Each structure stands twice: as structure tokens, then as C-alpha cells.
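Chemist: Let me give you the structure first, and then I'll get to my questions.
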Amino acid sequence: MMNQELDFMFVKYARVWIPDSEEVWRSAELTKDYKQGDTVLHLQLEDGTDLEHKLDPKTKNLPHLRNPDILVGENDLTALSYLHEPAVLHNLKVRFIDSKLIYTYCGIVLVAINPYETLPIYGTDIINAYSGQNMGDMDPHIFAVAEEAYKQMARDERNQSIIVSGESGAGKTVSAKYAMRYFATVSGSASEANVEEKVLASNPIMEAIGNAKTTRNDNSSRFGKYIEIGFDKKYHIIGANMRTYLLEKSRVVFQADEERNYHVFYQLCASSHVPEFKALKLGSADVFHYTKQGRNPVIDGVDDAKEMSTTRNAFTLLGINESYQMGLFQVLAAILHLGNVDVKDRDADSSIIPPNNSHLMVFCELMGVAYQDMSHWLCHKKLKTAAETYIKPIPKLQAINARDALAKHIYAKLFNWIVDHVNKALHSTVKQHSFIGVLDIYGFETFEINSFEQFCINYANEKLQQQFNMHVFKLEQEEYMKEQIPWTLIDFYDNQPCINLIEAKMGVLDLLDEECKMPKGSDDSWAQKLYNTHLKTCSLFEKPRMSNKAFIIQHFADKVEYQCEGFLEKNKDTVNEEQIHVLKASKFDLLVELFRDEEKATSPTGVAPATGGRTRLSVKPDKGKPDKSSKEHKKTVGLQFRNSLQLLMETLNATTPHYVRCIKPNDYKYAFTFDPKRAVQQLRACGVLETIRISAAGFPSRWTYQEFFSRYRVLMKQKDVLPDKKMTCKNVLEKLVQDPDKYQFGKTKIFFRAGQVAYLEKLRADKLRAACIRIQKTIRCWLARKKYLRMKHAAITIQRYVRGYQARCLATFLRRTRAATIIQKYQRMYVARSSYRRKQAAALAMQCILRAFMARQLYRALLREHKAIIIQKMVRGWLARQWYKRSLAAVVYLQCCMRRMRAKRELKKLKIEARSVEHYKKLNIGMENKIMQLQRKIDDQNKDNRSLTERLSGLEVTHAAESERLRRELSRLRCAEEDAKNSNNRVITLQEELERLRAELQNTQKEKKAIEEWAQKYQDEMEQMISELKDQNNLLKNEKNDLNRLIQEQGQQWTEKMQRALKEETAQLETDLNEERSRYQNLLSEHLRLEEKYDDLKEEISLTVNVPKPGHRRTDSTHSSNESEYTYNSEFAESEEGSRGVEDVTKASLDMALFLKLQKRVTELEQEKQGLQNELDRREEQFQRARARDDEEHKKARSAELEYESLKRQELESENKKLKHNLNEMRQSLMSNAGAVSAAPGSPAYKVLLDQLNSSNEELEVRKEEVLILRSQLVSQKEAMQHKDEKETMTEPLHYVEDVQKLGDAKEISQAYMGLKDTNRSPRFLRRPLEVNELVNRLRSPLPDMRKMNEDGELWLVYEGLKETNRLLESQLQAQRRSHESELEALRGELQSVKEENNRQQQLLAQNLQLPPEARIEASLQHEITRLTNENLVNPTEDPKAYRISVLRRMIDLMEQLEKQDKTVRKLKKQLKVFAKKINDLEGGQIENVSPGQMADEPIRPVSIPRREKDFQGMLEYKKEDELKLVKNLILELKPRGVAVNLIPGLPAYILFMCLRHADYINDDQKVRSLLTSTINSIKKILKKRGDDFETVSFWLANTCRFLHCLKQYSGDEQFMKYNSPKQNEHCLSNFDLAEYRQVLSDLAIQIYQQLIKCMENILQPMIVSGMLEHETIQGVSGVKPTGLRKRTSSIADEGTYTLDSIIRQLNSFHSIMCQHGTDPELIKQVVKQQFYIVGAVTLNNLLLRKDMCSWSKGMQIRYNVSQLEEWLRDKNLMVCGAKETLEPLIQAAQLLQVKKKTDEDAEAICSMCNALTTAQIVKVLNLYTPVNAFEERVSVTFIRTIQNRLRDRKESPQLLLDTKIIYPVTFPFNPSSLALETIQIPGSLNLAFLTRV
């Protein structure tokens, strides 16, 4: 080892391995650095003990170094950096004990440790998981070795061998059994007979007759076997062949303590009570000598009687009938009875069997031989000399040996006969193309006493070890040459000298055979020959010091001492020939067959090699000529074994070997208990350590350049990284490792010698540790600074608060001092002021009394004076008025007289003038004008008069009021005068009364004080009582609240409980329904498989007879649930008669038993299917009833709500009526009082108020009508939108419409109320109800008296309120008017756009009419696509409600416009017809004068109007003979890619249904049945032909579902018709009910769906593991650990490697194809859910089987990948399809890899988090968790035990892996089509011109 390595490796804290006597190797740690020249290493053991380890002074070899912790527990031992014995032992122990992993790779060898416990790792799910995987990609397993052998056989066209070896009890037989089970499961059989079941059935038989209990193993194989499993060219199992080696015959007659004979004997004894075994006269195993020698005939946990039943069933399966079975058991029972035959001494040289020996009699009876002959030859033998033959008696010991030899010989013959018949049953007539051999042979054995059997076994292992060494050496050489690395010879152990010692000339076997030929040969003489021949010439041969009857051979594994005693006898294997002759003369046919002409046999079973298969290699060599049969017994066992071993080695050398080494962990059969001593012995013996040594001698560690770069990028500087990764690795490695011999650069890999990877790992760990220390240093500095800053801030804060406290204390002292001073000041001031106020009050009282007296005196004087003045004034006024009245009367009289005189004069004058005519004329001039002026003047005077009168009346009223006031004042003054007179008298009385009252006041004050005291006391008592009552009231309230809360909680709990129970019941019903659907769909798939198998059988049968003539053929009809009615294939109906003859010939050669069995199976499946269908219908009916019950409850709740709303509506109506009534009363009262108050002031206000009230009432009525109309319109639009939503979702019932319709006559009011209710919820109308309520409350108040209202001003308040109401209503009216105007403008804009669109449509129509017919369709489609694109650009997500209303309005407008246009078009067409007719009439005469030539020259336009007017009925007519052409063009030869891109989705389904409609229209049931049957059969045919094409399967799934939906939509059922338009309802089927065919189509759709899932799974399967697990989506996160010899799939995305993007691209492809084909959205959701389940299940299964994937970084990668898949779901709007939930187990597994796994809290968190994972899966992930870096920690065993204890109570399946073959039950929700059938055009590309539109 280099100095550099010594400096780096053997330093302080380095860990090493030191030898130990108990544990073989112990781990220790250096406590001091090692320096060159030191003789002692200072170590510390793991238990803390210090130790000084002395180095060997000669070799100076240092102890073995330990591998880094991240390499411990690796899948491949060659991945360890240090390859040596302690590292191998420790790695196996960690995997076996801690991780419970029994399999480990060691290069090309699979090491299997027997767990002595049944493990759930051999199920079919595990087999499926390993199938098709690379050997290095999955965790080690026997299935991985079997898969590698199977794959290499198919890839390299080379036979394979699996060599399973190990000592007894190591598990060889079980490993071989599981390997054969894997081949049987993966490959399957190619014929109708299940050969794989027969191959597996041979195991119970061979275990019964060849396995026995030993001290080391309860089921130890006591023979070697090599089973060749044959395969055909398609690599299906066709047969098998078995060879056996060296059966341990001695076990038949002898067993050691605690051992048993072969199992079959104990099975017979345990079944002795069975009636058919009564004749065998058997009993308990303790009765027979051959079964009781071990003294323990019972195996724990094994029921021998049950095992006998299994053995008999296996015999039956292999074709050995009951008679042969009874014959076999008869021979075995005879052997048991033979062992009980008692031989007694007659004398010293002879023996005798007592007469009538019961056991011998039974033996003879069972074997069919004479009792006398057999008893005679058991005690005698015949001696032959050259001259004569004589009979010699033999002593008792020799007689017993002869008896045992006969028993062994019979059993050996029986064993070979059974093997022969097993091979016959497994033989196939089909030629074998290749085979895989499974060799189950004993491993190297060494015991205290080793005899001939151990010698042969170790000889065979020497040969196998040589072959193994050569194969390992060859693989190493091929690897080096492939990578172009200089090849240097590796020194490995060659055991050819040992083999020569045994088998060469004059070898051990040769000398043994020579000694057997000697007449006086003995074991002692043979030993002396061995000593003389080899003791001095061969170093591998030794002689024991203390024995002359033994020898020692140095084998490859160990030295073994063999005892020579018994070698010659066992090698001769002699048996008395006379006994054989007696048996050959038996009347028992089977016994005669066992011994018949053995010389003719060329195989161990006496059967000649069969033709068509491989030549069987016999255990024994070929015999000589037939007449030398007597020499057969003289062939020695050693010679036979050597020859058979030679043939075996030739076979193995001609195959590619795969090695399985089984290890026995302890001798006590304890589960998962590891004994290091025993393990090391077996590792040395089985060649594992030799493999390690060969690998370590070269370059055991191998890295690709990319892996090396990814792992050790941290050791490179930025300048070292070059674009060429290879040069980068070379440059870096040259700097890191100075010795170039420590590594080599290959073409694709870097090769390292042992220990170099550990050195690089140490450098990497040191670099990472330094980086971690720097990070820790920075973080700790940051934390310390943060802590310091926090402490500083805290100190400053404390100082601030302390100083603040001190300042506050000082301020408090100063404030108290100042307060005391102020208190003193105010106290002194108060005392002085109190004294001053008392003095001031006394002075003021005195002044007050004096001034009051003086004032009273002055008042009296003034009062007298004032009264005197008043009297004078009144008198003088009366006198003046009297004088004035007299003067006035005189003046008036004088004026009257004067005026009377003047008037008389004027009258006289006027009378004279009046008599004159001229004067009269003058007077009349202008009279009219004067009259008008006078009239006007009179009016003015009247007005003035009225105003004066009013003013006068006002003055009169005022004067009257003033006079009344003066009178009252006068009377008051008079009364005051009288009072003043009486007051003097009253003053004296009052003074006396005052004195009396003062005395009473004092008494009253005393009483008041007492009453106050009593009242205070009473008040206190009352307050106390009130407080107590309040407390009691509070308590009662609290109790009431608690009771209410408790009642509410209980009610809520009951509600939740009922809801939970209802939800659970619903979930259970849904689960049961899904299970029934799944079971039904599985039966459909099984039915389809049987149909395909039936078709294949018919094809094979048809091949066995003459080929029928072309055109005369018949295909089988497709079986369905209506098979008897319409499964006949009408496509080939015409060829039925011609094929009957051929069919008869076919039926003649048919295997009727198989046919009847299949037919019976089909019938059973049909019945079971019908039963399941009935059960499914019943479950669906229950589900529908439950749903109806829920709907009824919901309707009840809705009706209650509607009743409440109705009551509210009625209350509102009543309030409106009251309002109107109050208004009317107010109006009437105003009108009634109008007359009375008209003359009073304020009457115009009453009129104004009345006018305002009338206008307000009218306004309210108008607004009410408008609101009702508007709400009814909104409700009708809402109903239309709800109906439209229902058509889209088909899930939400129209509760509101149904409930409103129940209201009957009040329909419009209810709709208006509902619309008003919805409108009031909007923000625009939130305030309106409150204001209206306020108005109602004001108007509902009782109407008071108008006069009082007028007096108090209340009428004015009402008037103001009405004005406010008017303003409110006016503002609302304006707002609604504005909204109506805006909506009107929008509608006008839409109308304008519709007009423009109409004009554009007319222009396009005119342009299209000018185009040829072919171009019209193209132009129409292009225009439709453009229109739909423009419409879809509108984003409805901003305001969905507004968008729906606008769409609805647009639809209504468009429909109205369309109707108008239709009317216009019809009108124009009529006019056009009239004009055309007139033109034809006018031009008729001119046309007659035109010549034919002229007519031909003029173009005549054909009139196409009648044809365009034709109203198609959506049917296609075809002839009966065109049915085959229709099916051929539309189904069989249709290419989905062109149809999906260019035509409408589901076009074939529409065409087929339109054809079906015509057949229904003409009432042709035969045509309907024929068309449907041909369609179904053709779809099945195309799927069978192209079932692996996803596009084809998706296309026909979409069309089948569309066809099924069409049958439902146009069936005439009400449940489907409600989704149709009136025109579509006219197209419903009228004559036939096709409900049964709908079921057939549904079954067909289910089959297509399952085919689609399988096709999709086949495409996704290769991508999932690579894309989800292996590929590094986040580069640099996952660290690449060192790899072993096994090739591991790289995580770097090379060219051709699948990534996550590949999976997403494939998912996009699936989704786009299904969308193009028009697949139902619900069906797409189910497909996507199935896709994600497959992705999650496959990923999780591989994660559970790959230890290298269970790391923290891989968990991050998985979670990122899952998030990408979820993002894909979000992009496709598929988050609600249930796909995300299927990934939950994978997500939880990834989280489990990343969470902390140390404490009990972590365990609790894991248990609550991982509810989607089973306990087995959680424990498996924790066991597999592997650190990628040195800083990660493994999961401790105690933590895993804690998890197991916490999850012990979980009730779940023990299955480890998810079933990837599960297909969720599919449903096909009804999806009606809005496409009108009459508008469908058939493109010419479909070649369906023979169809006619009807």
C-alpha cells in the first residue's frame, strides 16, 4: 500500500477489522495515527475497550480497513471499496439482520440466506415487477436471476443454466422451486395443456420421494437434480426433463437421531385410515423400523396427511392414474413391512426367519411373490464357481444387510420409475428450441465422520467450482478486453490437481474400483494403496496421524478427513440376484415393470430418448449388450457418478451459467439469526470469497465517466471542468491519485483497484466536511452575533426602564409635595371664605328685610296713585266719546241733507235729457266698451271689497280679541283690589299659621329622617335581594344557555352523525357498485379471452383438415349476452352453405371433451354474467332509490322554503293592500273636509297634498307593474339558463322551476317575487327594501284628525315625507331608466351585429351558390370554423352569468331573425316561382321558333331550388347486398387518422345509426339484426387485428360510445328524450326496442376500454421507471453511489433514455388523440385516472424493490416529478377526475423518504401521514432507506420496531406491491348529441356513394 494511502487511511478515527475467535471479525477504531515502522496499532473496540493490536513481524500486514458507512448494505458486494472477507460478512449481516434482505449479489453470484421464515416476496405481483427488468436495476432476488436467464436465452439464442448450491438446510430446493415458478408464470405454455402447472406439480412428488428431515433442515433434498425446462421458438414452456444424481439410498434403512426417512413413508402412515389404504395394513410411523430410528417422526407445522393429498393430486395432474398410484403406495408399504422382518440366528454361520412372520407375509402379499422363496433367499445366497453353483446360508448380520440392500434397491428402482414417468408427463411432441436448466445439487459438506457420500458430493463440488472459476475469470477477461484495458493474468486458485487426484488414472476412484474387483478386497487394503500411491507424490493428499483407515484431501474449501470404512460396500452397491429373480417372477405388474429388462434401458428410468426434444442424459452409463444384464450390478457407483457428472459438466459448459449460493445462517433454524462462524465456513466453501478475491485482484470498482463526474464534481475546481467529461475525469484523477497503476481508463468506464474508491470517498467526505465546517462557522458566528445584539438590546431596555422608574419616583415625590402645598392653601382659603360668607349672609339678611319693608311701603303708594290715574282716564275717555258721538251724528245728518238736495236736482235734469232721442244716441255711443270697463271695474271693486272685507273681518276679530282682553284685565284688577283688601286680614292669620307650620315642619323633619333611615335600610335589603335574584337569574340563564348549547350540540352531533352515516352508506353503496362493475367487467374480459381462445382452437382445428376452397368459409360468431338472437355474422352469411361440409370434417377431428368443457365454461360464464347483471341492476336500483329519497328530502326542504317565501310574499301583498287602503282613506277624509275647511286658511295646501298623494299612488302602481314585468322576464331567462345548464351537466334538477310551477294561479307573482328576491340580493338593490319598509311604516300609522294635524303641524310632516318618497322613487326610476337605456343600446348593437352577420351570410350564400357542389361543403366548413373560432375567443370566465344571459339573448334574437329570414325566403321563393312561370309563358312562343342547334348552344341553368328545399329525415338507405360493402368501407378499411382530422367526430357512428334508422323506418327486423351484428363483429375483428394501435382502439371506443348514445338518445324513452330538440324527437326509432343491443354495445365498449388501457399500459410501461425514478429531473440533487459488477441504469438522460418529459409527451399524445376522436369528457377522465394509477403503482413497486432508490434525494426527485404530473392535470382541467388521488401512495412514500426518522414523535407523524401506505410498505421503505452521503443516517432497527408496534392494529392487506393489472370499473354517462342528423354530409373519401339520404 502506498505511503499516501497509509497517511490518509490509517489515521486516527479510521476503522479497521481485526480477527476474533467468537465473531470471526470485530470492528475497531484507531486512537492514534499509524506510522511506518510501528509494530502495534492502538485501537478501541465498539464497546469502548482499548486494545493494542500487534502486527505480524514477518509480513507486517495491516488489518483490513472498513468501508464507509454509505457503502454498507449494498446490493452488490463488488460495489464495496474494500473487498475482503470481513467486509463481505458485515455487509451480509447488515442486510440480513437490519434490513431483512435475504438476497445479495456478489458479482455474478446471487447469495441467498435462509431466513427460516415465510416472506411475502414471492407472489405474482413480485414476479410481474421483475419481469422484463434488467438484473442490476432491481434489488437482488431469485426472480432477477431467473429473468436474466430467460432474457439471455431469448436474446442470445443460447441455452441457460441456473446452478443452485449450498449445504443441507440452506434453501436450495426452495430457490430452485421459485426459479421454476418464475419461468412458469412469465412464459406460460404454448399449448392447451398447462405444462407450467405440470412442471410445478413435479415438485411435491420429488420432495415426497427424495426429501427428508435432517438435523439441519426439515426438508432436505437427499439427491441432486437437474431440470431442463424446454421452450419453443416463441419462448413458451413446452415441456421439461429431469435428471437425478446420487440418491441417498442408505436413508431408507437408517436414520440418525432427530432425522426422518423420506417424507412419503410418513405420509403413507398418516393416511393409513383412508379406505383405499386399508389393504396396505399400515399403522403409525412408530411401528415400523425404517421410520422410527430417528425417534422424532413429526415435523412442526407439517400435516403429513394433507401432504399426501397434495402428492396424490400432483400424480393425477401428471397423468399417473389411480391404479398406478396405488401400485406405488403398495411397493412403499411393502418396503416398510420388509424392514420389520425379524431375522434370528440359527447358529454362528446361518440365520432363519421364523415361520409365518406377519410382516414378511404382508410383504409377499403386497409384492405378489412366494413367501417360501423370499424367506429362503433372505437367509441364503448362491455362490458361483467355474465348475458348479451352490447355496450357502448366511449369518444374521449379513442377512439383515441383504434385507436392507433389497429395500434400498427396490426404492431406487421405484424412484427412477417415478422420475421416468414425470419426464413422460413433462415431455412434449413439439420440437424444443431452447432450454433453461435448474441444477439443485448439494454443496460442499464436511462432518465429523465423512464417508463415501460426502466424498462424491465434494468431488461434484470440485468440478462445479472449477467451472465457476473459469467462468468468472472469463467474464473478467471479456470486460477488460471490451474496455480495451491492458490484460494482466490474475492468479486464482485452480483445483485441477485435486480433481486429478480423484478422477485421474490411479486416482482415488480408480483405485477404489480396482479394489472392488479384487476377490479379497477390503477397505484397509484400499487405504494402504492410497497411501502408497499418493502420500508422497501429491501435496493435496494426507494421512491422519492417529489412523490407518482414513485419508485427508485438501479441497478448494477446506481439508476433509474421510473414513475408509464402508467405501467398498457402498461403491459396489451389491444386492442378492436371487432376490431380484424372485421379484421379477411376481404377479404384481408394476413390480415386474420396475425390474423388466434393465439392460435395454438407456436412461435412468428405462425410457428411450423421445424424438423432438433434447437427448436425455442418464445418471448411469449406457449398458452393454442385452445378454449381459447380469453385469449391470457390477458397475460401481463411483464410475456411474463420474460418468453422469461428466455429462452434467458438458451440459453446463454448453450453456450460460447463473449461480445461486445458498447460505445457512445458523444450525438451530432460528428466524433471522446470523452466526458469523457458520456463514464464513459456507462463504469459503461455496466460492463467494474466491469470486471476491478474483475481483479484488484486478479492478473491482468501475465507474462510467458521467457517474464519476457527478459524484466527484466537488473535488474539481471550475477551471478543471472541460466540455469533454472524459478528459475532465482523467485530469482530475491524475491529480488526486498519483500512482497510475491504481486506475485504468477504459472506453466508457474508469477502473479502480480495491480501496481507491474509499480513498476518493474520504477525499470527498473531507471536502464536504470542510465546507460544512465553514458553513457551520458562519452560521454560528451569525447566531452568536444575533445573540449578542439581543443581549445588548435587552440590557439597554432594562437600563431604560430602570431609569424611567427612578424618574417616575422623583416626579411622584415632587408632585406629592406640590399637592400637599396646594391642599394647605385651599384649606386655609376655605376657612377664611367660610367665615366671610357667614358674615356676608347675616348682613345681606338684614339689608334684605329692611329693603323689603321700604319697598312694600313704596309699592302701596304707587299702587294708589296708579289706580287713581286709571279712574281719571276712564272717566275722561267716556266724556270725550260721548261728545264725539253727538258731533258725528250732527255732521252726518247735515251731509245727508245736502246730498239729497243735489241728487234731486241731478235727477230732474237727467229725466229731461232722457226724453231727448239725440241724447239717447249719444249715450249709446261706446256703451259696449263702457259696459266692459264697468264690468272690469266691478270685478276689481269686488276683489277690493273682498280684500277689504277680509281685512275688516280680521280687524274685527282683532278688535274683539283686544276688547275681550281689556275686559278680562279690568275684571282681574277689580279682583286684585278685593284681594288686597282681604290680604291684610289674611297676613295675621298666615303668621299664626306659619308658626304652627314651623312646629309641624320640625316634627315632619324628624319623621322624615326616621323614614329615610328606614327607606335606606329597606333599599339596601331590596338591593341585596335584587342582586341575589340577579345572580339566580344569571345562573338560570347560564343553565338555560348550557342546556340550549347542549341541545344544539346534540342536534348538531345527531345531524353530523346522520350525515356521516348517510355518507358512509352512500360510499359503501358506491363501493359495492364499483366492485360489481369491476367483477362484471372482469367477467367480460374473461369472456373475451375465452372467445379468442375458442377462435384460436377453431383455427388450429381447421389447419388439421383439408384447406377449404376459396370463398367457402365460415367464421364463428361473437358470443355475447344475446348470443342466441343476433350473434350470427351476416358478413359471411352467403358462404354458409358452402362451408358446411368443411365444418363437418372439422367437427370430426375436434377434441369433444375440450369443446364441451369450453362450451360449459362459456355457459357458466353467461349465467354468472346474467346473475351479476341482475345484481348490478338491483344495486343500481337501490342506489337510485336512495338517491330518489335524498331528492325527495331535498324537495321537501325546498317546498318548505317556498312556503316560507310564499308567506313572505302574501305578507308583502297584504302590506301593499293596507297601504292602498290608508291612501284611499286619507283621500276621502281630505275630500270630506275640503268643504268645511275651504274658507279656512291653508285649504290650498290640502289640495296640493291630495294631488301629491294621488300622483305618488299612481307612480307606485306604475312602478309595481314595471317591476313585476321585469322580474317575470328575468325569471323566465333564469329558467331558460337553468334548463341549458341542466342539458350541459345532466346532474342538477330544476328545483326552482318545478317548485314555482306548483304554485298554480300565482305563477307570475311567484316568478316576480323570486326575481325580486334574487335582484334584492344584488348590491344595486340592497337599500331599496329598507326605504320601502320605512315608507310603509310611515303610511301605516293611524290617520289623525285633520284639524289637530293642522294645529300641531303633523300634516306638514306627512307632506314632507311624501315628497322624500317621491324623490326616492324618482331617483330609482331614473336609475332603472338608465340601465334600461344601456341594455337597449346593447341590444341595438347586437341587433346591428346580427344584421351585419346576416348580410355577410347572405353574401357567402350567394358566393357558395356560384361554386361547384364539391367546393360548397369546403367553403361552408371553413366559414363555420372561422365563426366558431371567433365566438370561442369570447372569454366567459370574467362574468359567467352575464355571458350566459348575453348568449341567451343572442340566441333568441338569432332565432327571431332566422324565422323572419325564413319567412322572407319563402316569400321570395314564391315570388320567384311566379316570375319564373310568367317568364316561361312569355318565352314559350319564342323557344318554339328556335332551332335545335340554337337551343343546344345556349346554356340552360338547371333550377336547383326544389332540391335545396328538400327536407331530409336523417336516414340513409342502402340495399341488403351493400351491407358487406358498408361494413368494409366504414369499419374494416377505415383509417382513423384521416377521419379524426378531416371529418366530424363520431361520423361512422352517425352513419351507422342513420342506416339503422332507415331499417327501423321500413320495419325490417332482419335488416336491423344483420346490421347490428355485422357492426359489432367487424369492430371486434378490427380490434383483434389492430388491437395494439392506440389510435385505432381510441377511435372505435369513441365511435362505439357515440353509437350507444345515439341508440339511447333516439330510443323514444322519456328519460333520454328530454334532452332532445323537437326535431330530434321526431327522429326517434318507431318500430324496434333495441335495449338488449344497447347492453351488447355497452359490453363491447367495456371490452374496447380494457383493450385501450392495456395498449396504453404497454406504451407507458417502459417509460415509467426510467422517467419517474432513474432520470434526474433536478440535476445534481441525487448523488451517484459506487456501483458493483451489475450494470445499473444510469440516471443521466442518454440518447434513447426515457425521461419525465417523455411521459408527459406521451400523455399529451393520448389526450389529444382521444379529444380528436370526440371521446366523451367523462370517459377521458376515467382513462387519465387509470393512466396515473399505472404510473404511480409501477413507480411505487419499483421503489419498494430497489434499495438504491430509497434515499432522501430520490424522494425529492419523485415529489418534483409528481408535481409536474399534477401541473399537467391542471393544464388539462382534469384535477377533479380522481387521478391525483391515485398518486397519493407514491407521494407519501416520497415524503417518508424525506421526513425525520428518529424519535417517537417522528414515528407518530409518519403513522398519521402515511395512511395510503400499508404497514408492509412503510416498513419496507424504512428498511431500504440508504444514505447517499456520509452526513445522512440510517434508520435504526428500534425505530422500525416502533413503527410496527404503532401500526399493529391496522386492518389491511399484507400484500407488499400494488396490483398494476387493476382496471377501474368504467361507466359511460349518457352524453346526448346536439348535432342534427339531417345536416350530416357523407364525404366522398369514405366511398359510400351507394348510401342514399332520405
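Each position is counted from 1, following the chain as shown.
Glycine residues also receive a Cβ, built from the backbone N, Cα and C atoms like all the rest.
Automatic, uncurated: that is what TrEMBL annotation is.
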Chemist: If I go by TrEMBL, the feature region 'Actin-binding' sits on one of 645-667, 714-736, 1864-1886. Which?
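Modeler: Region 'Actin-binding', as annotated by TrEMBL, spans 645-667.
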Chemist: In the same chain, who gets a Cβ under 8 Å from the region 'Actin-binding' (645-667) while lying at least 6 residues past its ends?
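Modeler: Residues packing against the region 'Actin-binding' (645-667) from afar: 92, 96, 106, 108-116, 142, 145, 148-149, 152, 156, 158-172, 175, 179, 216, 226, 243, 245, 437, 439, 443, 459-460, 463-464, 467-468, 471, 617-618, 673-675, 678-679, 682-683, 686-688.
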Chemist: Between the binding-site residues Gly169, Gly171, whose Cβ has more other Cβ atoms within 10 Å than any of the rest?
Modeler: Gly171
Chemist: Taking 8 Å from the centroid of the Cβ atoms of Gly166, Glu167, Ser168, Gly169, Ala170, Gly171, Lys172, Thr173 as the cut-off, which other residues in that chain fall inside it around the ATP site?
Modeler: Asn114, Arg216, Asn217, Ser220, Ser221, Gly443, Cys662, Lys664
Chemist: Fewest other Cβ atoms within 10 Å: which of the binding-site residues Gly166, Ala170, Thr173 wins that one? Let me know.
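Modeler: Ranked by other Cβ atoms within 10 Å, the binding-site residues Gly166, Ala170, Thr173 bottom out at Thr173.
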Chemist: Tell me, how many other CB atoms lie within 10 A of the CB of Lys172 (ATP binding site), whichever protein chain they belong to?
Modeler: 27
Chemist: Excluding near sequence neighbours, so keeping only residues 6 or more apart in the same chain, what lies with its CB under 8 A of Ser168 (ATP binding site)?
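Modeler: Set apart from Ser168 (ATP binding site) by at least 6 residues yet with Cβ under 8 Å, we have Thr214, Arg216, Asn217, Ser220, Ser221, Tyr442, Glu445, Lys664.
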Chemist: Show which residues of the chain containing Glu167 (ATP binding site), separated from it by at least 6 in sequence, have their CB under 8 Å from its CB.
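Modeler: Arg216, Tyr442, Gly443, Phe444, Glu445, Cys662, Lys664, Gln682, Ala685 - these are the non-local Cβ neighbours of Glu167 (ATP binding site), listed in sequence order.
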Chemist: Mind checking how the domain 'Myosin N-terminal SH3-like' (11-63) divides into helix, strand and coil residues in DSSP?
Modeler: 0 helix, 24 strand, 29 coil
Chemist: Could you give the number of helix, strand and coil residues in the region 'Actin-binding' (645-667) as assigned by DSSP?
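Modeler: Breakdown, helix to coil: 9 helix, 8 strand, 6 coil.
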